[in-house]
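Quick look at what TrEMBL lists:
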type: COILED; residues: 141-171; note: coiled coil
type: COMPBIAS; residues: 38-54; note: compositional bias 'Basic and acidic residues'
type: COMPBIAS; residues: 55-69; note: compositional bias 'Acidic residues'
type: COMPBIAS; residues: 70-88; note: compositional bias 'Basic and acidic residues'
type: REGION; residues: 38-88; note: region 'Disordered'
Amino acid sequence: MKEKKELLKQAKIKAIAEEQAAKKKKLEEEMMRLQKEKMLKLQQEEEEKRKAAEEEAAAEEEEVEEEEPLERRRGGDRGEISGTKGEDAWMEKKISEWVANLSLGEDEDALLYVPQEEREAFVRVLEMMEDPLERRTIEDEKKLESKLRMMREKKRRREEANRVAREVERVRACRQKVQAQTETPAKLDKIIGYLEVLSEAWLEEHQANKGQDVTLHAIRSGFRQLARDVVTHVDPRRDRG
């Protein structure tokens with residue numbers, strides 16, 4: 001009798017253990033199903049975000065390509081009216097070269113747009129992630145973010161180039177006043193005065209942006225060289241001094 005009770009007790013314990021194991025397995029399966037659904041939903045959302053970001057980047061890139069700088073258009077117009085005086089053509093060429101050099105310097109500086117500290121911090125974050133899918137998702141988001149940032153920066157600089165082209169147009173509008181001066185010193189003062197208008201516009205724009213010391217230095221150096229070229233062209237004796 002005692003042995004029979006012990007067997008019944010063991011049978012109940014086994015039944016309870018099996019029931020608990022079945023419940024545990026069912027719970028684990030449910031958790032796996034929910035986790036899988038969550039990951040699929042997350043992946044779908046990230047894919048939609050990626051497509052939207054790519055479409056936005058493509059739209060911005062297309063918009064940037066369609067925005068031809070005023071300087072280029074005016075350069076083409078100048079080619080059609082090649083009968084301008086040699087003095088005017090020389091002055092236009094020097095000013096255009098100066099503006100082009102500034103734009104080139106900014107394009108090179110754009111390579112350092114993302115700070116080194118930010119790149120290193122992002123790499124450390126990726127290294128801490130254990131889930132490959134999550135790591136890949138974050139990495140793709142960062143790439144798209146950088147691409148969008150560069151597209152916006154490129155668009156901003158193109159708009160700035162247009163603004164500077166308008167300043168150059170103001171300088172060209174003053175050519176008649178410069179030509180009206182018969183004496184070399186007076187003509188030189190007029191030319192330098194109008195060039196300074198262009199230089200100050202650039203300096204005011206870039207002084208408002210933090211971390212542009214290299215660009216400011218290039219602007220100042222370029223303007224000094226342009227001024228020396230003008231001085232030498234108007235009065236060759238000054239170059240010998």
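Every residue gets a Cβ built from N, Cα and C, even glycine.
On a predicted model such as this, the values are computed, not experimentally measured, just so you know.
Per-residue confidence over the coiled coil (141-171) averages out at a pLDDT of 72. Mapped onto DSSP classes, the compositional bias 'Basic and acidic residues' (38-54) shows 17 helix, 0 strand, 0 coil.
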